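Asker: I have a structure I would like to understand better, so I am pasting it below and will then ask my questions one at a time.
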């Protein structure tokens, strides 16, 4: 990474526009129109010293680390939290209260980053996140705790967005894959290790430190950015406050936010808390459909001023990478969330040990992410990593679906490595690949689209996976025919405690049933891995590295860049 940062410093701080290298684009031998972002000259990149860049980068990583921690840190703390609040009814909301606004507010922050100061917007999002963490840490009851989680989730939506947008403003295009792969790897590491950290805090100090810890880390990141980060604000025409409000597409926001929340709640409740035929589920789905259709109509009417401008959403690269991001994160989240359940429920380990047993997945993921980022920065091309991701995650996911109650460690380690490495190959690339086709003002929106589809795919399929697990587990355990046994006890006891509720003589059969239900969940992850290739096929084969010749002077037979989907 030091070498990458050093390379970043070797570029000139200012170059005249007519001498700036341009990205080469060609389609079946024909020259494509020059994209607005590819004409980016050195004046578009905010010059920084090596030390300034390092400080900014570390601050962004600290902020991302906090957000990723908050996503899963409560997994091992929930039993102690429910003891303190004397309630089990709200457990499902402890995670959802964070994830729902985290997904729903991503396009909102993308719009703000496109028209307002990146630095101020990022610091505001970080402040909101910190306030939510403080509320959760001091919450006297379950309701206050849920409110704090929701506030943190809303702030987190702007932090991940803002970190990637900031990178685009302080580094040249060809260097961004390496930097953004580090950010993506940081998120993945924190997501996996958070339960271990949460368990340590819960056992050694208090579960409230799962949230107190965000205050000094986030505060340090804020101070570093305030002191070192200096970014130009986008052009701001003189506007009345009504015109400013209108530029944020308020109707689009009002329609989009509740529509996404409705569908995620419906999928979380359906088949578990309520039957699919329950009026609550039907109403939520109907409200989602009405609001989402109205949102699309509003976006078409707003045009370039929309939260998600049709001109951006319909660009082939943006649509393709968003599709790929959706499926790739869907399969990744399924395995990240349900592989620990396999270790806890089937192998009989505690939450901490299950986190340790998933280290092969996360280490391989980060190796793949860093490798693809560095190689893309070095050689320029990237499409091979999208195909490699689809192939390896499909192979790894298929192998994981074969896990049995007595599967050996060589199988659960090796299969995680294949799946994790494959996921990492393209984990952070969608946010980079969209940039050459977008203008500087459109880049935050394009990035926010890919991030939204990543986290929406993850949140959606974690809910679907949970639905599959619970419904099939009930069905399979009931089929065993255990006398005077309520299968609901298995669900309520959780993955680590359900063994105590099952008669000893029936435990092997219940474990087999539990494993069969988990394998169906893993098959859903396998399906998503296979579908991810649909997002890779339309991508153009091109180099992220600038050519030394300006557009219009591409020599005959130059195959550095060509279109595989034309």
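Every residue, even glycine, has its Cβ placed from backbone N, Cα and C.
Heads up, TrEMBL stuff is auto-annotated, nobody curated it.
Features from TrEMBL:
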REGION    1-41  region 'Disordered'
COMPBIAS  1-10  compositional bias 'Basic and acidic residues'
COMPBIAS  24-40  compositional bias 'Polar residues'
TRANSMEM  53-79  transmembrane segment
DOMAIN    56-544  domain 'Major facilitator superfamily (MFS) profile'
TRANSMEM  122-140  transmembrane segment
TRANSMEM  146-170  transmembrane segment
TRANSMEM  182-205  transmembrane segment
TRANSMEM  211-231  transmembrane segment
TRANSMEM  251-271  transmembrane segment
TRANSMEM  277-297  transmembrane segment
TRANSMEM  318-339  transmembrane segment
TRANSMEM  385-406  transmembrane segment
TRANSMEM  412-433  transmembrane segment
TRANSMEM  445-464  transmembrane segment
TRANSMEM  520-539  transmembrane segment
REGION    546-566  region 'Disordered'
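Buried or exposed, and what's around them? Tell me for each listed feature.
Answerer: Panel annotation: around the transmembrane segment (211-231), residues 46, 52, 55-56, 58-60, 62-63, 65-66, 69-70, 117-119, 122-123, 126-127, 129-130, 133-134, 136-137, 148, 152, 166, 169-170, 197, 201 of the same chain, lying at least six beyond its termini, place a Cβ under 8 Å from a Cβ of the stretch.
Non-local neighbours of the transmembrane segment (251-271) in the same chain are 92, 96, 99-101, 103-105, 107-108, 111, 278, 280-281, 284-285, 287-288, 291-292, 294-295, 298-299, 302, 306-308, 456, 459-460, 463-464, 466-467, 470-471; each lies 6+ residues outside the stretch with a CB under 8 Å from one of its CB atoms.
With a threshold of 8 Å between CB atoms, the same-chain residues lying at least 6 positions outside the transmembrane segment (277-297) that come near it are 252, 255-256, 258-260, 262-263, 265-266, 269-270.
When Cβ-Cβ distances below 8 Å are used as the criterion, the transmembrane segment (412-433) is approached by residues 164, 173, 176-177, 180-181, 183-185, 188, 317, 321-322, 324-325, 328, 331-332, 335, 339, 342-343, 357-358, 360-373, 376, 382, 385-386, 388-397, 399-400, 403, 447, 450-451, 454, 529, 539, 544 of the same chain, each at least six residues removed from its ends.
Counting same-chain residues at least six beyond the ends of the transmembrane segment (445-464), those with a Cβ under 8 angstroms from any Cβ of the stretch are 99-100, 102-103, 106-107, 109-111, 113-114, 160-161, 164-165, 168, 260, 263-264, 267-268, 308-309, 312-313, 315, 318, 321-323, 325-334, 337, 430-431, 434-435, 437-438, 524-525, 528.
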Asker: By Cβ distance under 8 Å, which residues at least 6 away from the ends of the transmembrane segment (122-140) in the same chain are close to it?
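Answerer: Sequence-distant neighbours of the transmembrane segment (122-140): 63, 66-67, 70, 109, 147-159, 161-163, 165-166, 208-212, 214-215, 218-219, 221-222, 225-226.
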Asker: Ranking 53-79, 182-205, 385-406, 520-539 by the number of C-beta pairs under 8 Å to the transmembrane segment (318-339), which range is first?
Answerer: 520-539
Asker: At a threshold of under 8 Å on Cβ distances, which of 146-170, 182-205, 385-406 pairs most often with the transmembrane segment (53-79)?
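Answerer: The stretch I would name here is 182-205.
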